[in-house]
Amino acid sequence: MSSKTASTNNIAQARRTVQQLRLEASIERIKVSKASADLMSYCEEHARSDPLLIGIPTSENPFKDKKTCTLL
Amino acid sequence: MASDGLHESETLAALRSEAESLKGKLEEERAKLHDVELRQVAERVEALGQFVMKTRRTLKGHGNKVLCMDWCRDKRRIVSSSQDGKVIVWDSFTTNKEHAVTMPCTWVMACAYAPSGCAIACGGLDNKCSVYPLTFDKNENMAAKKKSVAMHTNYLSACSFTNSDMQILTASGDGTCALWDVESGQLLQSFHGHGADVLCLDLAPSETGNTFVSGGCDKKAMVWDMRSGQCVQAFETHESDINSVRYYPSGDAFASGSDDATCRLYDLRADREVAIYSKESIIFGASSVDFSLSGRLLFAGYNDYTINVWDVLKGVRVSILFGHENRVSTLRVSPDGTAFCSGSWDHTLRVWA
């Protein structure tokens, strides 16, 4: 009895695996050259607004210390 | 009876062999489109200059290992959680602690800020994800308003609000991810497929639709459709646990950090790994990764206490940051990209810019 349940489970599991693989194998893909070009153009387009990449003036970065005045 | 048994084992064998041949076909299809390497295409891009990034703030107050942190959308507040059960909300500009709550469990491995900035979520060894509204009323006890949302059958490893305060996505040591309604605590969708503990997750940028990526101890990174619960793509190139996954800002790719001491970039439309970020000298696991705003830089925290900064396109390291005195366990770039924060087993968090 229990071995039959176990093997039924194994079959159900195996069927799910096959179904999942069929799904994954059937998706549409693009060439790495095209994908790379798109990643690069995204970087280029957004480089100007990337503070950690290009650096922003100290006055505009709340984390960078500005020269402070001391009250004497 | 005996003939039934034979029939079943034939079916099982047939299914297994079909699975193997499908795996082979998948690899073949992927290989057909592998016409060039990303770093080759990136040769025509200008190399990056020297980076000077320093610790600008050190947040001290946790009594034990910092395990997780998240930024508030106001680009200033940070929530962090620790092994000692404490969850703290900080003002990163002033380093002041604004809220603190003690969880009933130790190892609070996950925490997240709600999009509204009015609540935080956290969990860990209690197998739950709980939401705490943030109140500025000094007389109110934060723990009193706690709401238990998610229930897993093993530890909570990661959590994230979706685009609103209404839903939370969780990942667990029980091998599943799940989507929950915060108000009712109802399970909206569960995601089965990982063969071992799920350690991390990241939601796709809102423009790209309802998917998220998860990584686990089964060395797999899986991309899920949030509505159907279906796994739509899976990647298995890492050689050890995947500790961190993060989408590239365009949503077309994601990076991963693993105990195999490498970080990798997977392009979703090419359906394959397109870059590996590794060096012979880097032998300790990468615990956490995040991109700068343009996606050109990948910041990765490692178990050897350092943070490496990688040129995502060219595949080379552009900077190495020292400062933490123990493993870096968590790392996130601020919402406006002006800084990034790292948390460590040395009990502190550091904000770098």
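The backbone N, Cα and C atoms fix where each Cβ goes, glycine too.
Taken verbatim from TrEMBL:
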COILED    B:12-39  coiled coil
REPEAT    B:59-91  repeat 'WD'
REPEAT    B:149-190  repeat 'WD'
REPEAT    B:191-234  repeat 'WD'
REPEAT    B:235-276  repeat 'WD'
REPEAT    B:288-320  repeat 'WD'
REPEAT    B:321-353  repeat 'WD'
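With a cut-off of 8 Å between Cβ atoms, the residues of this chain six or more beyond the repeat 'WD' (B:288-320) that come close are 38-39, 42-43, 45, 47-48, 50-51, 53, 243-250, 255-257, 261, 263, 265, 275-277, 279, 282, 326-333, 336-337, 340, 342, 344, 346, 352. Two recorded stretches are said to be in contact when at least 3 C-beta pairs lie under 8 angstroms, sequence spacing 6 or more; the repeat 'WD' (B:321-353) and the repeat 'WD' (B:149-190) fall short of this definition. Note on the repeat 'WD' (B:149-190): mean pLDDT across this stretch is 97. Residues of the same chain lying 6 or more positions beyond the ends of the repeat 'WD' (B:149-190) and with a Cβ under 8 Å from any Cβ of it are 68, 107, 109-116, 118-119, 121-131, 196-203, 206, 212, 214, 216, 224, 226-227, 229. Helix, strand and coil content of the repeat 'WD' (B:235-276), in residues and according to DSSP, is 0 helix, 23 strand, 19 coil.
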